[in-house]
Amino acid sequence: MDQTFLADVFGPCDKCSKEKPLRPVYIKSEQLSYCSLCVEMMATEGLRENETLASLKNEAESLKGKLEEERAKLHDVELHQVAERVEALGQFVMKTRRTLKGHGNKVLCMDWCKDKRRIVSSSQDGKVIVWDSFTTNKEHAVTMPCTWVMACAYAPSGCAIACGGLDNKCSVYPLTFDKNENMAAKKKSVAMHTNYLSACSFTNSDMQILTASGDGTCALWDVESGQLLQSFHGHGADVLCLDLAPSETGNTFVSGGCDKKAMVWDMRSGQCIQSFETHDSDINSVRYYPSGDAFASGSDDATCRLYDLRADREVAIYSKESIIFGASSVDFSLSGRLLFAGYNDYTINVWDVLKGSRVSILFGHENRVSTLRVSPDGTAFCSGSWDHTLRVSVGGSYFGCFFLSFFDCLKRGGEREGCYRKIDDKSD
């Protein structure tokens, strides 16, 4: 991200009571505000004789090295080698079918409704807009109390939206058929962080919501009461993105942030169960593979990467020497065979997940692509940009209609021809 946010606040320290710049500290899930001196003192409590923080860091690095060695022993084959028997996709053409205009500044986030038609978007202009993607009409618009509305999400029922940003809060707005109704009057403030809200996502119901923040934490909240149900601590810097596992009983989610880490969390215990640190810069976007067995990430290091959760390692890197700008957003096609990635060079690249090759590039945006999501039925995708617009695009062939996932292809050894079904592009 290209903006800097001040994380510290000034006030009385909860430990020494002196008026100083404070940092949030979590002790047994309870948030306290300590000054930097008290944080250092707390970190050194319980050290044995001749132990220092430096020695503990060295020990941790040594353990990390041994863990990587054990992972490497299981690294017997590359994904693209296994995929050699699978037929290549070839090139295909994508076309923009709708352009949604109405924001007065950079579009920062968007999400599809489950009805596969409506879209919610948020912008630096401080507005959240609900669109009809078929007609391009605006159905609802909300003006937030701050600019930089960095996160928005549709509820599974389609009856509410959530959003937030520099106000440090996640607010939920119920949607009605009355377009003239004052939505702000029904706003419900659900989540409160100590720094900006970077991402939010409803769980499998309208009653709980996950949030990520610049304060380095993620949190699970009860929408009705606003109660904090679980907090997730482990990132060493701003958390920029999260994604919920695609399962009806999904109890895990993945997050990425400025510490270059992608972390998988157990929502029930609040513990990190897997961690990956192979990117060279901020992780801007994470997205689960449709089966939930893997996830992709996009980073400012100009690469997208695929991590297999069962193998507990990175299995593919999607990059080219000609791509030097960061990837801001990623998403899979419905089958998982394609990976869509929006970049800061104004383009959207489409990657063959199995082969690791780029199969298409979409131009059209006039500034960096900040957000991208495939529709729930897989027939289109929507991208938002700093050029103030959103574009709904479809593919001329192959797109969204693979009836075998690539994991199925691997299981069958690629023996069945046509791991995808072509569709004719006859629509306007």
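Using the three backbone atoms N, Cα and C, a Cβ is placed for every residue, glycine included.
Annotation source TrEMBL lists coiled coil at 50-80.
Looking at the repeat 'WD' (100-132) alone, the prediction's average pLDDT is 96. Here TrEMBL flags 100-132 (among others) as repeat 'WD'.
Marked as repeat 'WD' by TrEMBL: 190-231 (among others).
If you look at the repeat 'WD' (232-275), the same-chain residues 6 or more away from its ends with a CB under 8 A from one of its CBs are 1, 5, 26, 29, 195, 198-199, 201, 203-204, 210, 212-220, 281-288, 290-292, 295, 297, 299, 307, 309, 312. Annotation comment: TrEMBL describes 232-275 (among others) as repeat 'WD'.
Residues or ranges marked as repeat 'WD' in TrEMBL: 276-317 (among others). Taking Cβ pairs closer than 8 Å, the repeat 'WD' (276-317) reaches residues 1, 71, 74-75, 78-80, 240-247, 250, 254-258, 260-264, 323-332, 334-336, 339, 341-343, 351, 353, 356, 405, 407 in its own chain, all 6 or more past its ends.
Positions annotated as repeat 'WD' by TrEMBL: 329-361 (among others).
Proximity of distant same-chain residues to the repeat 'WD' (362-392), defined by a Cβ-Cβ separation under 8 Å and at least 6 residues beyond the stretch ends, is recorded for 94, 96-101, 103-112, 114, 116, 119, 121, 123, 131, 133, 325, 328-335, 340-348, 350, 399-401. Among the features that TrEMBL reports, repeat 'WD' is placed at 362-392 (among others).
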> How many helix, strand and coil residues does the repeat 'WD' (190-231) contain under DSSP?
Replying inline: 0 helix, 25 strand, 17 coil
> the repeat 'WD' (100-132): which same-chain residues, six or more beyond its ends, come within Cβ distance under 8 Å?
Replying inline: 138-154, 156-158, 161, 163, 165, 173, 175, 199, 367, 370-371, 373, 375-377, 379, 382, 384-386, 388-392
> Taking a Cβ cut-off under 8 Å, which residues six or more beyond the ends of the repeat 'WD' (190-231) line up next to it in the same chain?
Replying inline: 5, 7, 9, 24, 26, 29, 31, 109, 148, 150-157, 159-160, 162-172, 237-244, 248-250, 253, 255, 257, 265, 267-268, 270
>> DSSP on the repeat 'WD' (232-275): how many residues come out helix, how many strand, how many coil?
In response: 0 helix, 23 strand, 21 coil
